[in-house]
Amino acid sequence: MTQLNPRQKEAVLYVDGPCLVLAGAGSGKTSVITRKIAYLIRDCELPARHIAALTFTNKAAREMKERVSSLVKGSASKGLTVSTFHNLGLNVIRRESKILGFKPGFSIFDADDARALLKELMLKEGELDNDHIDLVQNQISRWKNDLITGEQALAIAQSPAERTIARIYQRYNQALKAYNAVDFDDLILIPVNLFASNPEVLARWQRKIRYLLVDEYQDTNSSQYLLVRLLVGDRGALTVVGDDDQSIYAWRGARPENMSLLKQDFPTLKVIKLEQNYRSTSRILRVANHLIAHNPHEFDKALWSEMGLGDSIRVIRCNNEDAEAERVATEILTDRIRFQRQFRDYAILYRGNHQARLLEIKLQHHQVPYRISGGSSFFAKTEIKDIMAYLRLVVNPDDDNAFLRIINTPRRQIGTSILETLGNYAGERHISLYAASQEIGFISQLTDKNSERLQRFTHWLKQVTDRCHGEHPITAVREMIEDIDYEGWLHQNAASSKAAEKRMENVLYLVESLQKTLERAEENDDASETPMKDAIAKLVLRDLMERQEEEDDSDQVQLMTLHASKGLEFPYVYMVGLEEELLPHRNSIEDNNIEEERRLTYVGITRARKNLTMTLAGKRKQYGEISETTPSRFLDELPAEDIEREGFGQSSPEKNIAKGEETLSSLLNLFD
Ligand code: ATP
Ligand code: MG
C-alpha cells in the first residue's frame, strides 16, 4: 500500500467540514477519495451504506469500489455507493417513482432516441429543417443542465428562432411524459427538482447519504452541482477533488466555475493543494506544465515529480495519415519485443473517433491486439437496438420509439397507413401508440385484415411481457427471440451468413449480460419489486459496454479518445494527429475555444507515465479531400529542450516508415 504524503493525509483525515482538493494531474486526487472512503468506514465507523462517491464513468466507479474493498476488512464496504451522477439520479428516480408520478417501468431515452423524437416533433411542426436537429438537441440539453424549464426558455428567448426551439423543448418534454420516458439530462434534473421541492424526500436521502465525495469535480455541470449541494445540505460532509486544467466537458455544460462557487456556497471550505505528481517523469510534466501555462489561471499550481527526468518527448511528422498509423503500429510491435513490454502498457489517444479506423487497420495488419474504449458502442449495433427495443417495450409498453422500431422488425405487414391512423389517433388523445391500439375507438376504424395483424402483435406483446415478469424472465426473453425468428430475420438481411451469425452472437451476449445483471442484483441484495425493469434500465445506461471492458483484461493496446482517457494512466502513450483543425479541432478554432482544446491536450500528455510520443501527418484526408496539414499550434507551446523532432525539414518522412519496417523485419527475422 502506498504511503500518503502529508497533504494527502491531511485531505483524508479532514472530516470536520467541506473539503476541496485542488491539484494537477497524477497528484493522487482519486487516490485521496479512495483512501478517504476507507478511512470513513474503518476509523470513523461510518457504515458504508451511508457513504456515496461520484465518479465520471462506470468503469472508474467499479475500480474505486474494488480498491476500497481491498483496503477495508471483510464485508465492511458492503452497501457503499460508488456510481456516476447519472446512475445515482436513476436510483433516486426509481426509488421515488411513485412520488414523481411515473408509471412503473419508465424508459430511458438515449441520445439517438431523443433525436428521433425531436425529429418527429420538428417535422410535424415544419418549423425547422432537418439540419437543425443537432442544434436543437444541444440547446435543449444545455437548458436542462442549467435547470431552465420550457416556460423559462420561452420567456428568455431573444429571437424568433430561439422561441421556436423553446416551443419544441416544451413539446419534447410533453412527449417524454406521454411516453413515460426520461432522457439522460433528466436523470439529474428530475432528482434535483424533486429534492428542491420536497423537503421530506430530501431529508430521507440526506439521512441515507451522510458523506459525499466527488471525483473529477471540474466537469460537473450546474444541475449536478445543485444535486451535490442539496444532498450535502448544511452538514458540510463533502469532499470533492478536481483540476481546473482538466476541464474538458464545457460543451456538455460542465462549469469549471463550480470550483469557485464551492467557496461561496460553503464558506468554511478547506482547500488543499497537492503538488507532487506520482505518475510521470519530470520531462512529461515539464511539457504538460509548459503547455497549460498558455491558458489563463485562476488557481496556481506547480507540479513536480521524483520519477526522474525520463526520455525526451518525441514529435514525429509522417508523410500522411497512412504512414502515421503504420509508424505507430510497427513501433509498438517492435518496442514490445525489444524491451519485453506488454501490449496493455500502450495507449493510442486521438481527438475524434474517426481517427481510430486507420489505426485499427494497421494494428490488425501487424496482428497487434487492441481494444477500443468508448467509441462506437455495442449498443449502437442494429441488432442490439432491435432487441433492446423489445425489452424496453416489455418494461414500458408506452415507449413509442421502441414500438415503432420493432413493429415491422421482423416484418409483420402492418402497413404505414394503419400506423399513420394509429399515430393520429394517439396524437389527438395524447396517449401512446400501444394504448391507442387497445382502444375500441381506434379498432373500429380498421378493416378486419388490418386489425387482425395489429391485434395479433399487441396480444403477443402482452403475453411476452407477462412471461418476462414471471418467474423465469431470461427464459421468456430467449423464447421471445425465438418466437419472432430474429435469427431468420438476420439471415435475410445481413450481407453474409457470417455477418448474420456475428450479429446473433451479439444478441446472445446481450441476453447473457441481462442475466448477469439480474444475478448481480440478487447477490448484492439489491431487493427490488421490479428486478427485470431495473436490469434493463441498467443496460440502457451503457453499463454493459464498460463491464465488458473491465472483464476483458487481456493484453491489448488501448485505443481511445482524449476525452475518454481522463483519469487513466499508461506507461507509453502515443497522441496522434497533432494538427491544426484536428487538435485543436476545427469547430473549436471557429468558436475561438482554444483553451478547452489546450486542456484536452494537457489531459492527454499527463496520461503518460514513462514515455510520450506525439505524431502528425503531413497530408490528411479531411472532409472528403486530401490536403496539406499545418502542425498543431500546441507543438510550438512545448519547451524545445525536452522535445525531439523527427520528420520536420531535412529528414525525409518516407524514411521514417522505411526505418520502422526495417527494424520490424530484422526483429522478426530474429525470431524465425
Ligand atoms: P488525474 O488528475 O489524472 O485524475 P489523480 O490526481 O487522480 O490524477 P491518481 O490517479 O490518484 O491521481 O494517482 C496517480 C498515480 O500516483 C497512481 O498510480 C497512484 O497510485 C499514485 N500515487 C498517488 N499517491 C501516491 C503516493 N502518496 N505515493 C505513491 N504513489 C502515489
Ligand atoms: Mg483522478
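Cβ atoms here come from the backbone N, Cα and C positions, even for glycine.
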Listed in TrEMBL for the ATP site shared with Ala23, Gly24, Ala25, Gly26, Ser27, Gly28, Lys29, Thr30, one of Arg279, Arg283, Arg286, Arg314: Arg279
Most distant Cα pair in Å, residues Ala23, Gly24, Ala25, Gly26, Ser27, Gly28, Lys29, Thr30, Arg279 binding ATP: 13
Residues flanking the ATP site, with Cβ no more than 8 Å from the Cβ centroid of Ala23, Gly24, Ala25, Gly26, Ser27, Gly28, Lys29, Thr30, Arg279 and excluding those residues themselves: Asp243, Leu274, Asn277, Tyr278
Close-lying binding-site residues around ligand 2 among Ser27, Lys29, Arg279, where CB distance stays under 6 Å: Lys29
Rounded mean pLDDT for the residues that make up the domain 'UvrD-like helicase C-terminal' (282-567): 86
Cβ neighbours of Lys29 (ATP binding site) where a neighbour is any other Cβ within 10 Å: 26
